[in-house]
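J.: Below you'll find the structure I mean.
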Amino acid sequence: MLTDMDISRRAPLKDIAVLGAEFGLLPDEMQLFGKTKAKVDLRVQQRLAEQQQGKLIIVTAVTPTPHGEGKTVTTIGLTQSLKALGNKVCACIRQPSMGPVFGVKGGAAGGGYAQVVPMQELNLHLTGDIHAVSNAHNLGAAAIASRLYHETRLGKAEFELQSGQNYLDIAPNGIRWHRVVDHNDRCLREIEVGLGENNGPAYTSGFDITAASELMAILALSRNLADMRARIGKLVLAVNRQGAAISAEDLGVAGAMTAIMADAVKPTLMQTLNGAPCLIHAGPFANIAHGNSSVIADDIALKLADFVVTEGGFGSDMGFEKFCNIKARQSGLTPSAAVLVTTLKALKANSGLTSDADINAPDQARLEAGFANLNWHINNVARYGIPVVVAINRFATDTDAELNWLIEAVAGTAAFGCELSEAFSQGEAGALALAQTVMRACEQPSEFTLLYPDDMALEAKLSTLAEVGYGAAGVSLSEAAKLQLQELSALGYADLPVCMAKTPLSISHDPQLKGVPQGFIVPVRELVLNAGAGFITALVGNVMTMPGLGLVPGYLKIDIGADGEITGLG
């Protein structure tokens, strides 16, 4: 079989202006970037404000493993198959961060014959949205550091006299706003800034990956440009000596930060291998942020398509949970059905049983033990009140006997249906049965339900997420988290939803606990207010907001020839 890159290169692409017109966009609603991609102007939201919405489908997965479950492959494959069945359909996915592209995970365009193309353009830069987020974020960091410098240098009276601005009285070590970069770079996790003569005062800070920036979450959750501007104004950059928050609005930098992101607020239109439209927008990670593409992209797609297929990062305890309790809660755009992706390899890897056998080899004992993980995720999705269809992403090494056993086992669960998907090897033809079952699921009566109400106490939300969302015995808060809990409640932020930042490699907080862990306590070490994004992040265990590169990073495979052709992506 051809490589992903070769398939992408050989694909007969439709001119993006033609594809956009067929999708329902007007010429002045598209800002073209060559013939392969276009920004979608938000004026289309106003034109289609009264348009009836299509059906929203959210794709999620079992607990991820190093073998790859094929969630994006299934998302794109399902989109292609829905189109092949005569439906007007659109996929909405996140823009890949270059950190994972050059790290371990690789690209995020799908794979095989279920891809967004050209895949090299999607995986590297695209239309520059992530760079805009990085620059806007770092402007905020430079602005608050500069303000601290000038206030310290001049004192209150002289500062106000010379600058004409209010003295913010920034506390020593009161700056909360890190800098960001779109790479995995562990040595930047903790740094000292302001060292040297006339550069200070010095304080401890650090870098996060851009996907972890609150600005990225704001981009993904904003309804329009005005909403994004208002949210950016609420960003908490520092605290003063009295402990009160200093916002981007207080600093006077919110307008400039928003201006940098003026084009980033527009989704990017691309296409799948069979010419289905795909809107790419925003890229928050699901382990350290809320892990879903933008509300704006969903809103536009739902007004133009019969079916919209989107995905949440990692397993259903991560991106799907945050899709429901953060994204859908804020946007009001709720799903009609969910697709839960699994593989034989994933279930064996999640079995908790050790084996020297090849993961591709038949192993009924491991498969049966790992089925508990799939059943947990089925029940987890079903508790939100929507029908769930299990998609078994078939690999060439899978045996019919094990596949048939799994299909029969799923029939005894809460799943609406179960279908094999061979979209990777067969493209649109490989997921037709899945598409038909998903269409039937979308017609079922459903009542979307949140895990907790807005007015639940903040500590109770944490407990509910841990106990109901993960099956934990409870939560434990560090002393710092206990103080932060009191502060956030006193300041009136207890009505915000919670975004758990934890490992994706287990339903629990511990990546070593496989299958369906029980009796564990979720350790919350820190609570972080994201006033602009509208949620509170609970940092759990040892999760990092700046990843590091592995021993054998992905960039080792990537090169470019004299003809300009990039190799090694995928």
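Keep in mind that glycine also has a Cβ here, set from the backbone N, Cα and C atoms.
Bear in mind that the values here come from a model prediction, so they are computed numbers and not experimental data.
I grabbed these lines from Swiss-Prot:
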- THR65, PRO66, HIS67, GLY68, GLU69, GLY70, LYS71, THR72: ATP binding site (BINDING)
J.: Based on Cβ atoms within 10 Å, give me the single least packed residue among the binding-site residues PRO66, GLY68, GLY70.
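T.: Comparing Cβ neighbour counts within 10 Å for the binding-site residues PRO66, GLY68, GLY70 gives PRO66.
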J.: Any idea what DSSP makes of HIS67 (ATP binding site), helix, strand or coil?
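T.: In three-state terms, HIS67 (ATP binding site) counts as coil.
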J.: If you skip the near sequence neighbours and keep only those at least six away, which residues in the chain come within under 8 angstroms of GLU69 (ATP binding site), Cβ to Cβ?
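T.: When sequence neighbours closer than 6 are ignored, GLU69 (ATP binding site) has ALA61, VAL62, VAL341, THR342, THR343, ALA346, ASN393 within Cβ distance under 8 Å.
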J.: Among the binding-site residues THR65, THR72, point out the residue whose Cβ has the most other Cβ atoms within 10 Å, with all shown protein chains included in the count.
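T.: Compared across THR65, THR72, the most Cβ atoms within 10 Å surround THR72.
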J.: Would you identify which of the binding-site residues HIS67, LYS71 has the most other C-beta atoms lying within 10 angstroms of its C-beta?
T.: LYS71
